[in-house]
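Asks: Residues annotated as region 'Disordered' in TrEMBL: 1-25. Positions annotated as domain 'UCH catalytic' by TrEMBL: 41-265. For 123, the entry in TrEMBL reads site 'Transition state stabilizer'. For 129, the entry in TrEMBL reads active site, nucleophile. The annotation active site, proton donor is assigned in TrEMBL to 203. If you look up TrEMBL, you'll see 218 marked as site 'Important for enzyme activity'.
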């Protein structure tokens, strides 16, 4: 609905540490790894297309693609046609945390289909959820955006091929080129970038399409979430917007801090 403006000044906060949103049971299988990663923190990227584009271009995205603001779910036609990913910044509220736990229990009981072609990383690095949302957006559209193999992200994707989400998330901590690109981009933000170890209460995730399904990719959740098929009379952007409306905005109507961007062709 239109009162959820993603331009809200307070939504221009730096990207958050999803571990704040994580629950202990999600970390059980990765306890030793988590202990190691607790010492790894990146400076959070700000929720701002300029910052995201700077990081994405350094990582290997061609100049033919860009992240742009989605000002409101009622203004999707302002986004250039052909969007292939959507990012969402939201505040970690009690309502959303409870929904997340119930969602996990439901999927573990009923199971879900997850495309073998999906690239998904668990988040173990403090404050890296913005960087990971960007990586998820680019990595799952490698062919569409013409990602070259010798770029920092191209090399990283080759390295994590066939690895589990946990292994891929751990390898990101050692990806020096991507870390450098992220830190350089973070320092150029509109708001002063917080310390790498600062705790934030916002979280940033990505939505992509694979095999006709819309996926929510959140490195702080137990697994990717398959939100189902894109309707035959619609497109990815409309389908992702509907998922965001239903699974985030409508759940907590008191919360207006949502900020969205789309990865779309540069005009």
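The backbone N, Cα and C atoms fix where each Cβ goes, and this holds for glycine too.
Automatic prediction, not curation, is the source of TrEMBL annotations.
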Asks: Between the Cα atoms of residue 123 (site 'Transition state stabilizer') and residue 129 (active site, nucleophile), find the distance and write it as a whole number of Å.
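Replies: Rounded to the nearest whole number, the Cα-Cα distance is 7 Å.
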Asks: Can you tell me the CA-to-CA distance separating residue 203 (active site, proton donor) and residue 218 (site 'Important for enzyme activity'), as a whole number of Å?
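Replies: The separation of the Cα atoms works out to 9 Å.
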Asks: Please name the residue among the recorded positions 123, 129, 203, 218 whose C-beta has the most neighbouring C-beta atoms within 10 angstroms.
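Replies: Comparing the recorded positions 123, 129, 203, 218, the most crowded Cβ belongs to 129.
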